[in-house]
């Protein structure tokens, strides 16, 4: 029950900003580009905000954060100012870009930017970091904490957090409340900055900096002396005036949504997905992709089993035969994952690079969109169809790999092994979303392939940086390689759940899809 509650909260924090943006878009026809600009302003602000805090810490300006810290108030004020100034500056640059191109003339446009800015923070801080923290804490249940080499302060903190989760799991819901408060603040501040550009006034920007700084300083200072519930009530009181101001400023719809009903659009999406799947069947893509993945599944255990024996059979190999270890089920799984991630990676790009760019080249996109099919449904149908094909092919390959590993090696744990296949599917979905974005940006199929490959390589490079590796697709691959292995290999009985990796890659996929829709809805077909 506790895990289910945590899962619902994390999923809500990831999807809530998108749901609010969809509602706003359907009411005022606000473009997705503004949501993307909002996301970019937050991410861009952290590029200099985080190094700024690190520099201030090196200078000794920022002290420790604890109730007995001598300069806690100064630390809280400085951290609040660094956040308020950094993020407001990014908002100013974002709205400068939008107003120069006359893309933010309405009140709802400012709200959409705020939803993007606060939304990506909610997804990252509320969704990814919360999932990572909770999965780490839950993995410690039943573990002797004294064996972890923690300091007395760390041991006390972890013990209290574990007790809080076990005795009062509903307290985790306060993280959702905190993210809602932060999202309200970001929307309010974004509208203030929008108001500054609209009215050509400076005071709204200064108010935005002061308000943001004061609230962030409170977040640093208050928890050292008050229970978390009182802290949330204080924060709620600080953002409540802004919520009232937003409500009073809220105009009647000026750009009325002229599309179909939600039920009609979902029906059109289903029809488009069925059309894409039928096209893939008629072009034999389904058979080819399934056959390739099935071949990978069958061949991987055999390669792991017989490659060492083939090497031993070579002339002169008897001199170093003892140095060649016996193949195990771990080698079979590693070979299977290696084949999927190397060749499957190429297949994903080849399969998806012409999804949008190819139809634009042939002129079929204009014909399809002349019918009452929303552009977002056109794009998502490509993604869903490819995701479905990849799921079926990967399932066949995973079952084949399991069977041949069972025959050639010792038995595997079927449930965890299948879950590892599900992680590889999520890994593939991230690259599918990147490929779809590249196909949307590209003017030709070749250009789309180049952009998709560039984006995929960037993900692989970022996944190789130890400090952030757990937030990129490579973390899913490493996790999948540990699942389903026989316990005789000396591995732990259970592999810890990496909630941060799942949530982070889900957010990446969502961001790529939203960006693709934002770009596509502004293109002339």
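Every residue, even glycine, has its Cβ placed from backbone N, Cα and C.
The transmembrane segment annotation in TrEMBL covers 6-24, 31-52, 72-99, 120-140, 180-197, 204-222, 228-247, 286-304, 340-358, 379-405, 417-439, 500-520 (among others).
Sequence-distant neighbours of the transmembrane segment (500-520) (same chain, 6+ residues past either end, Cβ-Cβ under 8 Å): 10, 14, 18, 31-33, 35-36, 39, 120, 123-124, 127-132, 135, 356, 375-376, 378-380, 383, 423, 426-427, 429-430, 433-434, 436-437, 440-441, 459, 470-473, 475-476, 479. Distant neighbours of the transmembrane segment (6-24): 30, 32, 35, 108, 111-112, 115-116, 118-120, 122-123, 126-127, 130-131, 134, 138, 169, 172-173, 175-176, 179-180, 183, 499, 503, 506-507, 510, 514; these residues of the same chain sit at least 6 beyond its ends, with a Cβ under 8 Å from one of its Cβ atoms. Among residues of the same chain six or more beyond the transmembrane segment (72-99), those with a C-beta under 8 A of the stretch's C-beta atoms are 34, 37-38, 40-42, 44-46, 48-49, 52-53, 56, 61-66, 109-110, 113, 117, 189-190, 193-194, 196-197, 205, 208-221, 224. Sequence-distant residue pairs (6 or more apart) of the transmembrane segment (286-304) and the transmembrane segment (379-405) include at least 3 whose Cβ atoms are under 8 Å, placing the two stretches in contact.
Contact between the transmembrane segment (180-197) and the transmembrane segment (340-358) is absent: fewer than three CB pairs lie under 8 Å, with pairs separated by 6 or more positions in sequence.
Nonlocal intrachain contacts for the transmembrane segment (340-358), taken as residues 6+ away from its ends with a CB within less than 8 angstroms of a stretch CB, comprise 285, 289, 292-293, 296, 365, 379, 382, 386, 389-390, 394, 397, 424, 427-428, 431-432, 435-436, 438-440, 442-445, 447-449, 452-453, 456, 477, 520.
Sequence-distant contacts of the transmembrane segment (228-247) (same chain, six or more residues past either end, CB-CB distance under 8 Å): 111, 171, 174, 177-178, 181, 184-185, 187-189, 191, 211, 214-215, 218-219, 222.
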